[in-house]
């Protein structure tokens, strides 16, 4: 089982601000830290309106949620496998799996920031009203 000093991934994601009282997940085999990242941020303009930085859609949120749950599961598995023996091959493989799933989540975020959801929808459904192109 995981030790009581390890933090859950959900607590890291839900609390984006660093805290000196919070423990962090670390391993000698992680090439990058697991950094808490909020799902979306709201930027407030000088006017009374607020603008969301990145539009999130139900499917995107669900994929991020599934990946976050998978990361948490893999971290727990890795800590169980490693218990006191960080030099074992099984431990290295377990932390590599954590790294791969974390990278998949980061790749999804980068993809969603660059990609317009309407564009992918129109590639699959070019005949819908939202995707028709009219020439003058």
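Each position is counted from 1, following the chain as shown.
Backbone N, Cα and C atoms are what each Cβ position is placed from, and that goes for glycine too.
Record features (TrEMBL):
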type	residues	note
DISULFID	82-91	disulfide bond
DISULFID	122-131	disulfide bond
DOMAIN	67-136	domain 'CP12'
REGION	117-136	region 'Disordered'
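Averaged across the domain 'CP12' (67-136), pLDDT in this predicted model comes to 88. Of all Cβ atoms in the protein chains displayed, 14 besides its own lie within 10 Å of the Cβ of residue 131 (disulfide bond). The secondary structure of residue 82 (disulfide bond), as reduced to three states from DSSP, is helical.
If you draw a 10 Å sphere around the CB of residue 82 (disulfide bond), it holds 19 other CB atoms from the protein chains shown.
In the structure as shown, the Cβ atom of residue 122 (disulfide bond) sits within 10 Å of 16 other Cβ atoms. Cα spacing between residue 91 (disulfide bond) and residue 131 (disulfide bond): 49 Å, rounded to the nearest whole number. Rounded to a whole value, the Cα-Cα separation of residue 131 (disulfide bond) and residue 82 (disulfide bond) is 52 Å. Under the DSSP three-state reduction, residue 122 (disulfide bond) is assigned to helix. Rounded to a whole value, the Cα-Cα separation of residue 82 (disulfide bond) and residue 122 (disulfide bond) is 47 Å.
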